[in-house]
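**Student:** Pasting a structure below so you can have a look.
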Amino acid sequence: MTAQDDVEAYLTTFERTAEREKWPKEEWAGLLAPYLAGDAQKAYLDLELKDAQDYDKLKGEILTRLGVTDTVRAHRFHQWSYRSGQPPRTQMFDLIHLARKWLRPETRSSAEIVETIVLNQFQRGLPQEVRRWVGQKEVLSADHLVGLVERYCTAGTAEQAQEERFPFPRPGRTSGQGKTVPTGGGGREQRGAMRKESESGRDTKGKNGNRDRGSRESPPRTPIICSNCNRPGHIAAYCPIKEEPMQVLVVPDFEKEFVVQTDASEVGLGAVLSQEVEGVEHPILFLSRKLGPQETNYAVVEKEALAVKWALESLKYYLLRRHFTLITCPPGTFKSSQGPGLCLQCPSNSRSAAESATICVCRNGYYRGDVDRPDMPCTSVPSGPRNVISVVNETSVILEWHTPRETGGREDVVYNIVCKKCRADRRTCSHCDDNVEFVPRQLGLTETRVFISNLWAHTLYSFEIQAVNGVTNKSPYPAQHVSIDITTNQAAPSIVPIMHQVSSTMKSFTLSWPQPEQPNGIILDYELRFYEKDHAEINSTMVRSETNTARVEGLRAGTVYVVQVRARTVAGFGKYSGKMCFQTLTDDDYKSELREQLPLIAGSAAAGLVFIVSLVAISIVCSRKRAYTKEAVYSDKLQHYSTGRGSPGMKIYIDPFTYEDPNEAVREFAKEIDVSTVKIEEVIGAGEFGEVYKGRLKLPGKREIYVAIKTLKAGYVEKQRRDFLSEASIMGQFDHPNIIRLEGVVTKSRPVMIVTEFMENGALDSFLRQNDGQFTVIQLVGMMRGISAGMKYLSEMNYVHRDLAARNILVNSNLVCKVSDFGLSRYLQDDTSDPSYTSSLGGKIPVRWTAPEAIAYRKFTSASDVWSYGIVMWEVMSFGERPYWDMSNQDVINAIEQDYRLPPPMDCPSALHQLMLDCWQKDRNARPRFTDIVNTLDKMIRNPASLKQVASIPAVPSQPLLDRSIPDFNTFSSVGEWLGAIKMTQYRDNFLNSGFTSLQLVAQMTSEDLLRIGVTLAGHQKKILSNVASMRVQMSQCQSPTTMA
């Protein structure tokens, strides 16, 4: 070897000699070393002795030292350009030699690919004018390209260069003998003939010879036709059968990115190499082969992996050191993320309709759960449980069932219990109340057994047992379930909630009480137990009563008695009620009451006399006007009396129960509506007599409006119908913007309906709770002003509501409040100095809203409505809090009797709380009238500054107040309990997750801390900060020393 030798060629010659002579390879390095020279010898000397004896390491070091590597060769190949002055054929030979050293083709097909690459690079390296001229020709081989370049260089210009006539017919055209030469990939013999012709033309230097070699025209592009289905655009390897291999070769553009797509089937493998040109994908090379005997047993994923490996190996000369995109995952497979890994076959019950899918879509009726991975099968909902068994024990039931026949392919099946309480006729059912208990739980049961207690006795229940799993919420259909109806046994009734003293004398008193909330059957009778308060309970006396009223006689005057009552059914006695104290009159009390009743007796007698005289006068008038019927005269009189048309400004309310025929009152005050004009849409609630619906009313000549529709449930008796329609008779007499408006009644068809205006925001108490802290003080005062205006109108008509509460105030979309629910209202006589009404026995009283005199003596007046209005004011300012919180009714009664009153709600102006206290005066004559209340609120609205001073609770109040709004923090052991006491449990996680885990840390909180943890509502911030401030005060008092006198 000399320094000028081609080292790579020298080493190749050495290796062939060594193989021919069969020299041991471990001796090759020692045999080669003496012949090295120049840089090759320096590379040998720089190696360590051990590496210098390894031929492969020695050869690699020599080639690296001389810069003979694949990277260098590739760089030199891509940087090659045509050099003027050197023969084109010599430059082509050098470029082919360089490409073969770089790519090292081993098969005939790969050699053809190398030739194609060389043609492309040689043409790209030509001068621009030569490249433009050559680009107009159809280059068939390297020899043909060299001939074109030589012809151009010899002629000097494109105009002088003449194409030679090629001796072979054009591809796809008819030859002189009428034969057609095929085109495409099967033209190896044709290319060989081209090479021979080119070689034979090298010795011909004349003009004619050059012209003959360059005469080939550009052949037309032949569309790719599948030989399996005869359709264009793909080959047999990509046809669904994929049996017949086919190759198509087009010269690629090596400056653009390649796209490789692979596929595999039960028969063979396929691949296509393509490039995107102007947004259109053009195929360059198609490959396919059949699977070997062992490969046919591969799984789908293994076949896909085999297709990728085989395609990349087959296309390495195109792809080596170039950017390309590999697309696999045919329809039916997916790969959830980019990167290494194989395509997976779609899980069960899923499919992928396109290639390169990242997830397989579930088939109809199958779903993936929220926590299911993409490679998990799609599953379906379970079928319903089977074979339900029930065991009833008085007011409890045990339900057991078998698992569903179909679980949907999942193991997370659980069960939900839906409880409904139904009427005996099974026509209507409603969801069970919150008192019903489920053990171990109602939702998410993993067991097939549940114990249900606290049911009503002698009641029909319907239970649905739903089977659900992790994909039930994905299905558009309700959960599959099985239903079972059971009727509970009769049981002892629940306790009587409260008793009232109706009247009292020196030796007796009369008591009444409501029916137990859960009678659990038919009440047979009641048993009273009473004894003197100063004596022991063992000295009790028993009294039986078949009604909810009893007169206890034989008592001592001026003595306090402890009384309890219990109800009895066929199942036995219920528990005794709580102990209540009642007192007989003393001698002085009895005489005082007698003196008070004398004017009332005289007044009643006078009223009776006036009434008789009136009847006589009316009879005379009627006899003189015989042209009028008796009915017409009565109607005119009644209309005059009820509407006040006889005297301007007169407003009189007529109690419909004073009519001999209550239906006459309905016809007089309520307009009959044709049922065809009413359209019921949806249930919005339920009342005492039936369900309440939202609907639409379209009267002739009027626009359609939304209405509320009260219905009378089926199976009613005539008394229930009269009581139901009496509310319509009452509402029909009122016409005020703050009183709910009656649209009419439907009595001539079933069901019987009362149609009123529709109030979009519903009841005031729930509306305020839903919008806690969202209204300003002025807005709240405006609501209270509307309520007082409505009550002023009613009081001027001598009408007592008796059940004024926020739940009976309705709110429309404009925040206008209207008084509703006239079921407990009663007419007040107008001929007494102190109008009052003593209710019938046994009725329920809303204790928290009722004035003390109405609770104690059952006397309801407009003044008692004023007391109730004060409670409504407190509800409004506290945004719907329950008056007296969790106190029992008896505790409320005792507290009121001891002059306790509700404290001001948080941030309540002192002027408003003072008005509340005025409404809660024990002496009903000292309470303001509704006229006074309206005037006071109007002044506040005109002067908002009067509402800026916030009421506070003094440390030592002159009047005791119920301070339940500021709890004693010492009674709480955790932040959660404290938040529950102030009705802010929704922020429990906010406090704990932000580190406020103790009451000491909470006591240091600021408004910025509340914003940071997510308390954004202004009303909630004020409420929490107010209680935090109280907590700090209580802590400081606990820490300060106590001084004793």
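Note: Cβ is positioned from N, Cα and C throughout, glycine not excepted.
Found this in TrEMBL, in case it helps:
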- 76-150: domain 'SCAN box' (DOMAIN)
- 159-226: region 'Disordered' (REGION)
- 188-219: compositional bias 'Basic and acidic residues' (COMPBIAS)
- 381-491: domain 'Fibronectin type-III' (DOMAIN)
- 492-587: domain 'Fibronectin type-III' (DOMAIN)
- 600-622: transmembrane segment (TRANSMEM)
- LYS710: ATP binding site (BINDING)
- 970-1034: domain 'SAM' (DOMAIN)
**Student:** For a quick check of packing: other C-beta atoms within 10 Å of the C-beta of the residue listed as 'ATP binding site', how many?
**Tutor:** 23
**Student:** Can you give the mean pLDDT for the domain 'Fibronectin type-III' (492-587), rounded to a whole number?
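**Tutor:** Mean pLDDT for the domain 'Fibronectin type-III' (492-587): 87.
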**Student:** I'd like the per-state residue tally for the domain 'SCAN box' (76-150) from DSSP, helix first, then strand, then coil.
**Tutor:** 53 helix, 0 strand, 22 coil
**Student:** By DSSP, what is the split of the domain 'SAM' (970-1034) into helix, strand and coil residues?
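**Tutor:** Helix, strand and coil residues of the domain 'SAM' (970-1034) number 46 helix, 0 strand, 19 coil.
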**Student:** When secondary structure is assigned with DSSP, how many helix, strand and coil residues does the domain 'Fibronectin type-III' (492-587) contain?
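**Tutor:** Helix, strand and coil residues of the domain 'Fibronectin type-III' (492-587) number 4 helix, 42 strand, 50 coil.
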